[in-house]
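Annotated features, as they stand in Swiss-Prot:
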SITE      111  site 'Important for acyl-CoA specificity'
ACT_SITE  142  active site, acyl-thioester intermediate
BINDING   163, 192, 249  substrate binding site
SITE      192  site 'Important for substrate specificity'
ACT_SITE  235  active site, proton acceptor
ACT_SITE  237  active site
């Protein structure tokens, strides 16, 4: 939340240079405050689990949020009861004439398909186009980030020889960008994907800025102009047991899956997971909400 100080206080310039949110008394006295409208486009089959993960993070701020859950009308969800979707979700057609302060587009287990092979690709493209003029800032996660980078900037994805699976160390590349306010220079984030986007392709698009990457896991955080689009290739929203559940699920299916790296204590799946990403996950979501949604959105959408 902002701190209110005199506009002539010498510390103001220093704080602003450090991306500390300061507000003059004049602005504070005239500021209107309302709940922020946040849409979550949930593409995951485990919808209720994903809901809890994201709501836990975006709810960890002093901001009041009015959350709208969305699902794809052009896709039949087989892993969630229709009653749940009917009761708690809307479709794009339901909200396309509204505006939102923020939009989160989740990952989806469709990355081995080309984008055009995904059955809801045309609908997703319409939503991503809509977000450019009707949403203050959109946060794309994992496959959602790959889809956004491809649709908006033509950045391709590439198959990996082995699944990127585990918790990896990342390095901050742009320390003074507000999204990374409070981040350590090195931080951890989970990844769980069969494809990647490449650093050279990101750096080849002048509108994009690479914020954080990993020697082993590659690109993690990317931002577009003015923070209108944020892309997170990892899963900072994951709960403690999510990678464990994915590992056990794939083993039960008889798939050749390695133990997630840097995740279990002593890398032993019989021991408990070590959570090393929670604090930076909270920072990522709170910084996005604070700096790119709350501070930038108009009072009247």
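Keep in mind that glycine also has a Cβ here, set from the backbone N, Cα and C atoms.
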Quick one: largest C-alpha distance among 163, 192, 249, binding substrate per the record, in angstrom? 15
Recorded positions listed as 163, 235, 249, least Cβ neighbours within 10 Å: 249
Counting only residues 6+ apart in the same chain, whose Cβ is under 8 Å from the Cβ of residue 192 (substrate binding site)? 142, 163, 164, 165, 235, 238, 242, 243, 246, 260
Do you know offhand how many angstrom separate residue 111 (site 'Important for acyl-CoA specificity') and residue 249 (substrate binding site) by C-alpha? 18
Measuring Cα to Cα, how far is residue 249 (substrate binding site) from the residue listed as 'active site' in Å? 19
Among 111, 237, the most crowded of the recorded positions [Cβ within 10 Å]: 237
In the same chain, which residues outside the set 163, 192, 249 have their CB within 8 A of the centroid of the CB atoms that define the substrate site? 165, 243, 246, 247, 250, 257, 260
Number of other Cβ atoms within 10 Å of the Cβ of the residue listed as 'active site, acyl-thioester intermediate' across all protein chains: 27
